[in-house]
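A short write-up of the structure that comes next.
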Amino acid sequence: MGNKVIKGTATGAIALATFGVTSGATVQADEVVKPSTTLSSDVTAPKTHNIKVLDGVLLTKDGAAVTTTPTEKTVEEAHGIKQQADQAVTDQAGKVAESAQIEANSQKAVEDATAKVAEAEKNKAAATPDAIAQAEKGVTDTQKEIAQNQKASDTAANATQKATDAATTQKQAVEQTQKEVEAGQKAVDTAKKGVDTAKAALDGTGEQKALDEQKAANKSLEDAKKAESDATQKLAAAKKADTDRHAQIKGLKDQATTQSKTATDTATDVAAKKAADSAAKADVSTAKKAVETAQAALDGTGAQKVLDEQKAAEKALSDAKTKEVEAAQKLDEAKKADADRDAKIKDLTTKEAEQAVAKTDAENALAEAKKNAEAKKAAKEAAEAKRDALQKELDAKKKLSTITVPQYVIDAYKKYLASDQNESDKEVLEAAFGRWMEDPDPRYSDPQYDGNVPIDPSTVDPTHLTREQAKALTQYYAHIVTNLRRQFWGEKAKTYTTENAIDYVQKVAEAYAKENKPWSSGHSHDALKAGETASSKLTWGSENISSMSSRTTTMTEMYRYILSSIMQMLVNDYHSDYGHTKNMLRFGDYDDVIGVASSVTPNGLGRMHYVGFSDKYAGQALPDPYDTTQLEKDLAQAESDFQAALTAFNEANGVLTAKQAASDAAHQALSTTQSELTTVRSQALQTPSAEMAHRAAVATRTSAETRKASADKAVTNLNASIQEKQVALQKAQGVLAAKEEAAQKAATVLREAETKAVEAQQMLNATKAKLAALTGVKDATPAANEALEKATTARKDAQARKDAADKAVANLNASIKEKQAALRTAEQALKAAENNLAVLKASKASEDAKLVAAEQAVAAAKAVEAKLAAETRALESKLNDQQNLLAMYKNADKLLGEAVSKQLEASAKHKEAVAKTLEARSKLAELLKDQRDANSQYEAVKKAYEEWVASKKAAEEKAQALSMRQAAKSMTTSKKIRPTIHSSYIYSRADKQLPQTGEKSSWLALIDMGILASLSFGVRRKQRRNG
């Protein structure tokens, strides 16, 4: 294989080697080219490089040249060298960047330091005596402002606490009124149910419902009683559990106190034993040194050591004395602190006892105030219920319609009577009545169809009108007619009824029914006499009769019928010559007695009889149930009683609020004191540890004195005789033995004390754990008490429900009058309950408003507190700035010196950073050159190898093609085979001779040289273009 020079650029080397035909080929070279020992004119001599230069490669200023055909291994090695160079550049580039950043940072540090020097120089110039004095004044003024602000903050904090306490109390009041509203709503619901039940009883339709309600009420009461009993038992159990737990807590606290003292005592004993142990060990150490010193003195070799020990002993003694003095001072301070602690505990304990008594008194006063407030509330509610019931009754009576007669009718009627009832005046009266019925004045409206009459839905059978029903209808008739007569004859006129009149009229009605006469039969004198008795002179004086339906109806409709009949007998009596009118209105202001009853004949004819009597034999007048005179007096008294009860309730409620606040304050004060007492008690005593420290210091000082005495004795012993030195050594050894024995005993005693201390602390910890577990449990009594209160309330409600249900059932068989009375009572109770609920809701709204105001007061107080806190922070920041300024003024020279020093330091660091950066960049430049060399080498080797492989492959393909042609030719010639070579591919000595140059070369080598020249030319041109 021939050798030729191949060149490569820095971007990629091109290599080419001579190719030889393998021995198995048909064509072979007769000569080989001798390697040249000279470079071509464009290849410079190699220079020193940092990378590894491979064999057969020449690195030039322009790139790399390959002089030997490279192998695959050579290419891989060149690639490895290239990767190492690339990595080195990457690493160094990072170092350069890092150095540059450090340089920039150091430059910034220099600038900052220079600025600070300038600022320090400025501050030094500003730090005049006047400026310093002004700064000191500013600090003092700001400190005063902070103190004043702190005082204001304390006041604001107290105000916030008071506002918070008031809001808490008000919240409790709101919760209480909410409970009252809920109870009031429940009372309204119960009252509504009572009204429904009473109505159903009056209608005769609620029998089964009443019985079912009674059964349900009985069951509800039984359940409520059982629940109350269970709650009572649970309360008792809760009280017992709480009592037992508190007793356990007290026992454990006492036990913990004892164990705490034991633990403290044992810990103190351990500390003392530790001090003794340390002293014993120090004594052993001192004794050992004494033995060593005595031995050295005896040997004559330890003079300097003895003197050094004396000096060290003096220093140790001096230090020990100083520490003993410090320990004594700390002991005095600890004793004073503990004395202050004990005094504070004593004061707080006394205060706690006093506040506990105050709390109990406040609780008792609160309980009494609650009891009084509840009594006053009950009285207020009763007075309110009575007032409301009377008001309702009065309103109902005042709402009843009456008949208002125009004056022109009154005048016409009186004229008619005065003229002896002549026809002309009769016509005038008829015209007046007609005018009245058409009069648009609402005062004179006809009430018979849409007027208000008493409401009574109870059933009425006109055939069998009861005495009570007859009495009620008669009283209503008498009330309406009395009002009419007084318009005509003045206030003295009165129509009323009596028991005798009612008995009489009912007998009259029965007689009419028995006669069974038609309507046309008119009045029956026999029937009118049916009420007469031998024992009474009472007899009828007049009678009006109106027709009526015989069907069953209600009392309400009967009242409306009576009102309508009165109007008809007034305005529609022309054809009877106003006889019915005269029987009603009579002729003057005298008293008139009336009885009203209904009759129904067997033929179904219904009549209503209005029988008049003289008041002479009628008996005692029955009161007018619709007269409001006495009712108004009773209502006025009830209103007065209610206002008095309300005033008493408000006063009691005010006392209750004050007592509640006092109780809360007492609880809070006691809680605060107990918390403070717990905090103080939890503070560890300082005296025991200070005493231990002092004892240790004394022991150390004693040991130091012993050491000093031994050292002094050793120095004295330096000039003693051998015998004296021997005696001194023996004594020192004896002392050492005694000290070691004492140290062993001290160590044993310490271990025993530590064991006791650990056991005592473990027992105390166990007790504390039990105590924590018990104190962490919430008292069960309050919740149980609340549950009992709810159960009691539920039982009372159930009892009230049962009473109402029993009454409703009993009312089923009551008379109509009794049922009516029951309904009125139920309605009055409902009205009272509704009024009470309205008052409670108003009270709740008032309390809610107070709570909003209280919460707003808390927010306002907190805002003031926050404002003051912000001002405090601002003042503290201001003070900090002022103090810094003052310190800067006072230390201006020092700060300037420090700033200059830091500036010089920063400048030195910057100079160093600049040098390191330059060094890193120089190193990077060198590594970049190495990277270019490595890349050039790799590209040249790789290119040469690739082209060698390609050329070899091409030569083999040509050789194979030539061999195939020769084989084909030998098949067509004579049997004598001669080698025939294609003249385009080989050079043979038989055909042609080369010039005699002393070299052997195949013609393929010459072709290769031509290819080399062309490729080298191409590479140089590419290099020039890229350059």
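Each Cβ is built from the backbone N, Cα and C atoms, and glycine gets one as well.
If you look up TrEMBL, you'll see 303-400 (among others) marked as coiled coil.
The coiled coil feature in TrEMBL is assigned to 736-958 (among others).
Residues or ranges marked as compositional bias 'Low complexity' by TrEMBL: 154-173 (among others). Note on the compositional bias 'Low complexity' (154-173): residues 657, 660-661, 664-665, 668, 847, 850-851, 854-855, 857-858, 860-862, 864-865, 868 of its chain, located 6 or more positions outside it, place their CB under 8 angstroms from a CB of the stretch.
Residues or ranges marked as compositional bias 'Basic and acidic residues' in TrEMBL: 209-231 (among others). Across the range of the compositional bias 'Basic and acidic residues' (209-231), the DSSP-based residue counts are 23 helix, 0 strand, 0 coil.
Residues or ranges marked as compositional bias 'Basic and acidic residues' in TrEMBL: 239-253 (among others).
What TrEMBL records for 254-266 (among others) is compositional bias 'Low complexity'.
Per TrEMBL, region 'Disordered' is recorded for 147-185 (among others). Residues of the region 'Disordered' (147-185) grouped by DSSP class, helix first, strand second and coil last, total 39 helix, 0 strand, 0 coil.
Taken from TrEMBL, the feature region 'Disordered' applies to 204-266 (among others).
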Across the coiled coil (736-958), what does the pLDDT come to on average, as a whole number?
88
Over the span of the compositional bias 'Basic and acidic residues' (239-253), count residues by DSSP class, listing helix, strand and coil in order.
15 helix, 0 strand, 0 coil
